[in-house]
Ligand code: AMP
Ligand code: MG
């Protein structure tokens with residue numbers, strides 16, 4: 001299949017190209033597009049045949065539901081049973097990097113929701129995403145635009161690497177802002193539940209939802225072995241092509257452990273660390289600085305691109321430090337734990 005590539009400005013999208021991509025969506029084709037979180041692989045959410053193609057292109061298990069993207073509260077309302085107007089969080093955080101789960105209305109095909117009666121909705125804030133949905137005139141189902149299991153794409157070439165010749169169109173709209181997937185909250189329970197931490201911190205969410213339950217599953221700690229609360233949780237995600245070891249626990253012992261593993265390894269090893277800790281390792285180690293512990297948003301933006309790009313640079317063992325689980329740090333640790341081939345806890 002020949003993939004049409006459309007270079008579109010993220011600040012002021014060229015409408016002729018947006019319309020071209022929208023025609024693809026309307027005729028049941030797949031279009032990869034940027035959002036403020038990561039790139040998504042979109043299809044008309046109301047067309048089960050188009051949605052089926054997403055699963056095939058990504059190699060995604062069909063019991064892993066898709067998030068539906070909308071460009072207005074009215075469009076969101078048409079897809080769910082609840083009265084969206086009654087949910088303050090939708091008014092406060094949309095458009096933005098938050099997915100809310102509601103009971104689905106009958107117009108949502110069951111292939112979108114993996115046969116469940118609930119649907120995840122997001123109103124993205126990215127100009128290209130909004131214009132694409134508006135021009136298509138339909139909600140767009142879109143998981144991350146990577147092959148299943150790989151790190152989510154944050155740069156246009158990540159999408160091309162995974163999906164060229166597997167999808168009809170790729171919009172190339174620059175680097176994504178947050179670099180991590182949306183925060184997911186299940187609004188169908190008595191108490192709202194954080195299923196996946198993301199760019200909006202749990203501290204901010206608790207201001208809007210004082211009852212919010214943050215489960216151990218959302219942290220993705222290795223010791224969690226309860227049922228999968230969100231279907232996608234049971235799959236290994238975001239994995240780089242080479243072994244990734246995450247070392248967490250008390251900082252001093254973790255640091256010693258990372259050095260010990262790196263010294264014993266006879267593979268080309270990279271240590272993923274922070275600006276503050278880089279100096280501690282001394283010479284003789286390859287250190288990749290993800291960002292500062294004081295600005296975890298930068299660490300988040302760099303995480304997936306680093307996991308994707310280091311294997312291509314010849315590294316065949318990655319060892320990562322842990323990051324503080326505050327603010328977006330909870331999402332960073334969730335992704336690192338899920339991506340890791342092995343988690344070592346020095347506590
Ligand atoms: P992705 O868009 O690839 O980041 O994946 C979407 C994720 O959203 C899935 O893996 C699920 O964990 C979650 N999700 C989507 N819809 C639902 C739903 N109706 N109930 C629970 N989780 C959902
Ligand atoms: Mg994904």
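Even glycines carry a Cβ here, placed using N, Cα and C.
These features come from TrEMBL:
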DOMAIN    15-200  domain 'YrdC-like'
BINDING   37, 69, 122, 142, 182  L-threonine binding site
BINDING   60, 64, 118, 144, 152, 196, 238  ATP binding site
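Mapped onto this structure are the features recorded in TrEMBL.
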residue : record                   : Cβ neighbours (10 Å)
37      : L-threonine binding site : 29
60      : ATP binding site         : 20
64      : ATP binding site         : 18
69      : L-threonine binding site : 28
122     : L-threonine binding site : 28
142     : L-threonine binding site : 28
152     : ATP binding site         : 27
182     : L-threonine binding site : 27
196     : ATP binding site         : 24
238     : ATP binding site         : 25
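For the binding-site residues 118, 144, the largest tally of other C-beta atoms within 10 A is found at 144. With a cut-off of 6 Å between Cβ and the nearest atom of ligand 2, the binding-site residues 69, 118, 144, 196 reduce to 144. Among the binding-site residues listed (69, 122, 152, 182), none has a CB atom closer than 6 Å to any atom of ligand 1. In the three-state DSSP assignment, the secondary structure recorded for residue 144 (ATP binding site) is strand.
A 10 Å radius around the C-alpha of residue 182 (L-threonine binding site) takes in these binding-site residues out of 60, 118, 152, 196, 238, in sequence order: 196. Per the record's binding annotation for ATP, residues 60, 64, 118, 144, 152, 196, 238 show a top Cα-Cα distance of 25 Å. Per the record's binding annotation for L-threonine, residues 37, 69, 122, 142, 182 show a top Cα-Cα distance of 12 Å. Neighbours of the L-threonine site: apart from 37, 69, 122, 142, 182, residues of the same chain with C-beta atoms within 8 angstroms of the site's C-beta centroid are 35, 40, 67, 97, 99, 124, 129, 181.
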